[in-house]
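Peer 1: In case it helps, TrEMBL gives these features for our protein:
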{"type": "TRANSMEM", "residues": "20-39", "note": "transmembrane segment"}
{"type": "DOMAIN", "residues": "24-302", "note": "domain 'ABC transmembrane type-1'"}
{"type": "TRANSMEM", "residues": "59-77", "note": "transmembrane segment"}
{"type": "TRANSMEM", "residues": "129-155", "note": "transmembrane segment"}
{"type": "TRANSMEM", "residues": "161-180", "note": "transmembrane segment"}
{"type": "DOMAIN", "residues": "335-569", "note": "domain 'ABC transporter'"}
Amino acid sequence: MTGQAKPGFPEMRAARRKGLVLFFWAFVFSIFVNLLMLTGPLYMLQVYDRVLASRSVETLVALSVLVLGLYALMAVLDYARGRVMARVGARFQSALDGRLFEATLYRSSDPREHAASGAALRDLDSVQALFVSPVLLALFDMPWTPVFIAAIFIFHPILGWMAVAGGLIIVVVALLNQYLTGYRVRKSQAASQQAHTFADHARAGSEVVLSQGLAGNMRKRFMRLRNIALDQTVHSNDWTGSFTAFTKSFRLLLQSAMLGAGAYFVIQGELTPGSMIAGSILLGRALAPVEQAMGNWPILQRARSGWQSLGRYLQTVPPRPKLIELPKPEAHLVAKAMTVVPPGQRKPTLRNITFEIKPGQALGVIGRSGSGKSTLARALAGYWPLAAGEVRLGGATLDQYNPDRLGQHIGYLPQTVSLFQGTVAENIARMESDPSSEAVVKAAKQANAHDMIMQLPKGYDTFLDGNENQLSGGQRQRIALARALYGDPVLLILDEPNSMLDAEGSEALNRTVSGFKRSGRSVIVMTHRPAAIAECDLLMVVEKGMATAFGPRDEVMQKTLKNVEPVRTSLQGKNKVAF
Ligand SMILES: Nc1ncnc2c1ncn2[C@@H]1O[C@H](COP(=O)(O)OP(=O)(O)OP(=O)(O)O)[C@@H](O)[C@H]1O
């Protein structure tokens, strides 16, 4: 985590500071690498002006051995600074990885945010990629460009001015490149992001895509998005490629021009041959970082736009504050004037709901499709925030609990079950990596899932690969129920818990609910099926997001149901009628 830094850019800067010491060393190594760059020109100078003049083989050998050593040292330092920068990048990324993952999780409660979350993870990668790319090292080398040019001035002012003019032309070309390609890179990124999201959705819905003949149309739509991205990438690469080719040839031309001009000054007696060659090499060294930075410009652009959007993204999801650990609460739930607006929406889908459940009680919530039952379940489980009102469990409001701890106190079985990559045991144990076998089996037995799990190829150690078709709907629902029961929660929220269960599973569920009540804990069941409320003492009827009745189950049924008699008989477990 990134300490106390404010969300967004400050915490990203704090993450960057984690690599500051390493950054410093990379800078120091760069100073020596650049000083050692002078080895070549100085060698030339000595060979041409001293060795050739004196015809001394000993001097040549001594100089050559020295140069060999200096080049070896330069190679080691250059390698070292590359390694150091890779670690700067790794520190930056690992400082933000966990925080960003958590932020994407919190934002994913609004389905429209899925694409933004995927993009944020890629943005972090693109910033990290900058650290390992040669661009930053080239930027470290750039301050030496004027030093090398100054050295050329010492040889001859006209050669110096030639270098300055050449350098300026290369810089102007680099800026032009940035101006012409920046917009295309951004457009290509946005289109490729859209294509990724589209492909994710298509894969998730592959059952429908493949069985209902959508594949061809989906493919066309995907290709359209990809082609926009490709088009922009090809265009920006064309621009960058042409600028890179121009810069490279221009630099070679400039070096030859320097040599030509140098030869002229040698003839005029204003320059030694050694200085002529050394000047040309120095020019190459001076302009190499500019050329390298330009060749890798798209990396810098992606990192820059990644940094901006990542900062804005993190700003919207501040890190969760550290909260005092509250003790395990009593199973006493009080909801006062609860109003819930789904994330990303404006209109409440649940309004002014007030009720109370005491330890040992079970509440059934019934209502038509779309009346707000699942909304109530999500808000009570702490997944969707309240827009108004409050919910207290054991005297404390839900947001006073640390979210992970609250999850341990509340067992929640959502209507749509999600299981994750891991073993059945890990899934039941809420993805703990070394769960207690005893607790896992206990939860599975309570959920009437134990025997079913023993039938799986490797029992509790069967690996679920995230493929929804690996288990049947009923098997998934039972494993998810075991997960809800894991760790002895005090409150159980079950949204349509027997929608996939057979009669036997449904009866077992009622036994679980009754055992829960006996141990002084409470249960809330959202359902369409009378069998699911057989153990409920209280009943709430929800219509268009409002509670139209609440009280003892039989009283409420008597008052509100038209088909009260058939419902009463189906309470015994036969799913004959719906409410
Ligand atoms: N993620 C969401 N974003 C926006 N609106 C939503 C979202 N989920 C549900 N709604 C809306 O909230 C209202 C209540 O939906 P909810 O799922 O709570 O009903 P329900 O009673 O559980 O229905 P069902 O019995 O069909 O499961 C509906 O009008 C629905 O369109």
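For all residues, glycine too, the Cβ spot is worked out from N, Cα and C.
Burial and contacts for the listed features, if you can.
Peer 2: Within its own chain, the transmembrane segment (161-180) is flanked in space by residues 145, 149, 152, 236, 239-240, 243, 246-247, 250-251, 254, 257-258, 261, 283, 286-287, 290-291, 293-294, 297, 301, which lie at least six positions past its ends and keep a Cβ under 8 Å from the stretch.
Over the domain 'ABC transporter' (335-569) the predicted model carries a mean pLDDT of 90.
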Peer 1: For the transmembrane segment (59-77), could you work out the same-chain residues 6 or more beyond its ends whose Cβ comes under 8 Å from its Cβ atoms?
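Peer 2: Beyond its ends, the transmembrane segment (59-77) has Cβ neighbours at 29, 32-33, 36-37, 39, 43, 46-47, 50-51.
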